[in-house]
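According to TrEMBL, the protein has these features:
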type: ACT_SITE; residues: Asp268; note: active site
type: BINDING; residues: Gln66, Lys82, Glu103, Ala199, Ala200, Met201, Leu202, Glu273, Asp288; note: ATP binding site
type: BINDING; residues: Glu103, Asp288; note: Mn(2+) binding site
type: DOMAIN; residues: 163-381; note: domain 'FAM20 C-terminal'
Amino acid sequence: VSANEEGYDPIQWNTSTNTHPPWLRFHLGISRWQMYQQKDPNLSALTQQLASHRIVSAVQKSGGTQLKLVMSFPNYGQALFKPMKQERDEETNVNLYYFSDFERHNAEIAAFHLDRYQLSPGALGQLTSILGFRRMPPAVGRLINVIKEVKDITTDHKLVTTFFTSPVGNACFYGQCSYYCSTEHAICGRPREVEGSLAAMLPDESLAPRRSWRSPWRRSYSRSKLADWEKYSNYCDSVKKIPPYDRGTRLVDLIDMTILDFLMSNMDRHHYETFEKFGNDTFLIHLDNGRAFGRYSKDEPSILAPLVQCCRIRRSTLLRVRLLSLAPYRLSDVMRASLSQDPLAEVAPLLTEPHLSALDRRLETVLQTVHECLQQHQHHSDVIYDDIIDYRED
């Protein structure tokens with residue numbers, strides 16, 4: 001990268017990590033089993049920069065079904081911006097198929113908090129984690145001035161042509177994409193500021209290639225056809241014979257992701273990614289969670305199909321879920337406390353109380369599903385994958 005680009009800081013990095021900006025420390029800290037460490041001192045600095053650093057460039061991210069922008073900062077860090085498209089108290093239309101749903105900025109932020117490990121010291125006693133997966137890039141909320149921080153600094157000429165002023169004087173734009181990029185679905189400031197999520201970008205794929213895996217429990221993405229897993233109750237038997245699900249932790253990794261998705265009511269997990277460098281024995285990256293938290297009044301039991309059909313779960317995950325069902329550490333309470341630390345919480349709670357209550361209800365469903373699995377199998381070891389024996393704290 002060049003240190004002479006307008007708006008960027010001169011590069012003064014060397015081999016010492018003390019000179020590295022937070023985003024580079026984040027990239028270098030990614031390991032085989034996690035996106036960041038349990039007590040990563042860099043995480044606070046990274047989220048603070050995402051929330052407050054000056055934006056020097058904003059361009060539309062190519063591909064995808066909905067509008068997303070790549071924001072750049074003076075220290076060459078980058079973040080993926082998803083703008084607000086739905087009010088927090090709105091529910092997804094019951095007649096809308098999951099693949100046509102909006103991507104919600106608050107869903108990306110809430111997903112990170114649900115997946116993440118660390119809460120601030122003293123929050124809810126000694127509990128320092130929620131699900132504790134640490135498989136998702138950090139994401140924070142931020143108010144963006146669509147004129148000063150997008151239109152005036154972008155080099156994306158196609159994006160500029162989509163800006164307009166609404167009848168009530170709000171600054172709006174809609175970009176170019178296959179869904180919801182039109183004047184009818186424009187992103188509008190109030191009058192110029194719009195809420196959004198900023199998620200830290202992963203290392204460039206030229207430096208850290210990623211492999212995309214089609215989920216065995218991928219939905220048909222058809223309004224009339226069913227996927228195989230929806231037709232055959234013994235579907236998991238065939239999955240367990242196929243690499244990489246026939247060995248190692250890949251199956252329980254996927255079921256971890258299933259539990260996360262069920263709690264968030266995310267039906268849009270058609271693929272997942274891993275870093276090629278680590279081969280098949282590595283964590284699954286929990287990317288793209290914008291279609292989560294669309295409904296609180298209804299649960300979607302089909303999301304739990306991998307857990308129901310395979311009856312397999314990590315012991316550490318089960319212990320975490322059980323803990324979050326206890327009154328002192330109730331999931332809704334720890335999520336409320338964690339989300340209150342996000343900058344957008346000053347505008348309004350990231351999740352409404354009905355969404356928080358839905359988390360508790362769905363957690364009980366997960367526990368009941370595991371209980372039924374244990375009743376169906378003579379040996380608990382057939383259901384519970386014991387990952388505690390060789391567990392070591394970071």
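Backbone N, Cα and C atoms are what each Cβ position is placed from, and that goes for glycine too.
In the predicted model, residues of the domain 'FAM20 C-terminal' (163-381) average a pLDDT of 95. Ranking the binding-site residues Gln66, Glu103, Leu202 by Cα distance from the residue listed as 'active site' puts Glu103 first. Pairwise Cα distances among Gln66, Lys82, Glu103, Ala199, Ala200, Met201, Leu202, Glu273, Asp288, which the record gives as the binders of ATP, peak at 20 Å.
In the structure shown, the C-beta of Ala200 has more C-beta neighbours within 10 angstroms than that of any other entry among the binding-site residues Ala200, Leu202. Neighbour density for Glu103 (ATP binding site): within 10 A of its CB lie 25 other CB atoms from the protein chains shown. Remark: of the recorded positions Asp268, Asp288, the most isolated position is Asp268 (fewest other Cβ atoms within 10 Å of its Cβ). The Cβ neighbour count for Gln66 (ATP binding site), using a 10 Å radius and every protein chain shown, is 19.
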